[in-house]
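I have placed the structure first, in the form of structure tokens, so that the comments after it can refer back to it.
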Amino acid sequence: MAVRGRRAGHRDYDSKQKRKEAEIQQALSSDPIDVATLRRMAISEGGLLTNEIRCRVWPKLLNVSTDDLPPPPGKELREDNKDYQQVLLDVRRSLRRFPPGMPDEQREGLQEELIDIILHVLKRNPQLHYYQGYHDIVVTFLLVVGDRLATALVEKLSTHHLRDFMDPTMDNTKHILNYLMPIIDQVNPEVHDFMQSAEVGTIFALSWLITWFGHVLSDMRHVVRLYDFFLACHPLMPIYFAAVIVLHREQEVLDCECDMASVHHLLSQIPQDLPYETLISQAGDLFVQFPPSELAREARQHAERTAASTFKDFELASAQQRPDMVLRQRFRERLRGEERTKSVLTKPRTNRLVKLAVMGLTVALGAAALAVVKSALEWAPKFELQLFP
């Protein structure tokens, strides 16, 4: 009976995967391409399924044309480049980011391509500054889509989602990290207060944020699943995902010694067996319930300078749905008949231990979040006049 049940489960999984592949193909074949559906597929359970599909969908999520890819780099790219030595050192240390068992010759070739992609983006965009950890993001794209397409995708990503990490200073990166504790506070004040008492800060999540978890997760399947999610969402989604990891570990945190060293050590050691689909779903729910503009009001003067604050789905502002719409639609569907208000944010602290009863409903429905928010502009209309400074 058990064997028969497993076979039935496999058949059901295969059937769902085939239906999803067909829906992705239909969205890609639409005229114009149905970007809203592609976002929904990237967010929903299982993400984009295969790297072959990612090669076709990731460019659409970033609005990158595959017909005009950068030419292969020349030798001059590395000459007199101020970042070359640091990039070289970081790439040489990136051995564990390549599949185990890959022949040395193949890996070394990919590392050379990795260096060239990074230098190409920096040379073409002198306003961007290299940071340690950037190569962890770039290598993910290289391994999934190849060097030329990776170059185009990483350049778009660097001038949009990653822009704040590539400023001359870390001010905007620190500001984005400052969203972490308010998110945790909205869901679980007890964990928030414990972390505040321990004075642990948020530096434990820095490498998570600036590498999109590529540096801290050892299984490439989990990394690319998160990239599907992040590429389909608002630039701040990685910090929401960081928050749900902390919340998922609530008991471990509360059982820890309440001092900075102990809590930092616990949280900086990220578990490798996380329930990724559940956490993706929860991060989507949190984003809808507690949008960035609500959490950032006390620091609005700093928020104005960040890519997140001016995010308007970059050049995807076409007839397609903007990337934040899908999460909101799904959230409203799940709360049919209930008026969604912002009162949760103003309730007394004792009533804000929300625990998100809706969390997991998206998982039960088989999708993390059907959509991604109408855009930061919905919550911050003062940004309408200038999308990108």
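The backbone N, Cα and C atoms fix where each Cβ goes, glycine too.
All TrEMBL annotations are machine predictions without curation.
Source: prediction; values computed, not measured.
TrEMBL has this to say about the protein:
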REGION    1-26  region 'Disordered'
COMPBIAS  10-23  compositional bias 'Basic and acidic residues'
DOMAIN    48-234  domain 'Rab-GAP TBC'
TRANSMEM  200-217  transmembrane segment
TRANSMEM  229-247  transmembrane segment
TRANSMEM  353-373  transmembrane segment
Across the domain 'Rab-GAP TBC' (48-234), what is the average pLDDT of the model, as a whole number?
-> 92
Residue counts (helix, strand, coil, in that order) that DSSP gives for the compositional bias 'Basic and acidic residues' (10-23) = 14 helix, 0 strand, 0 coil
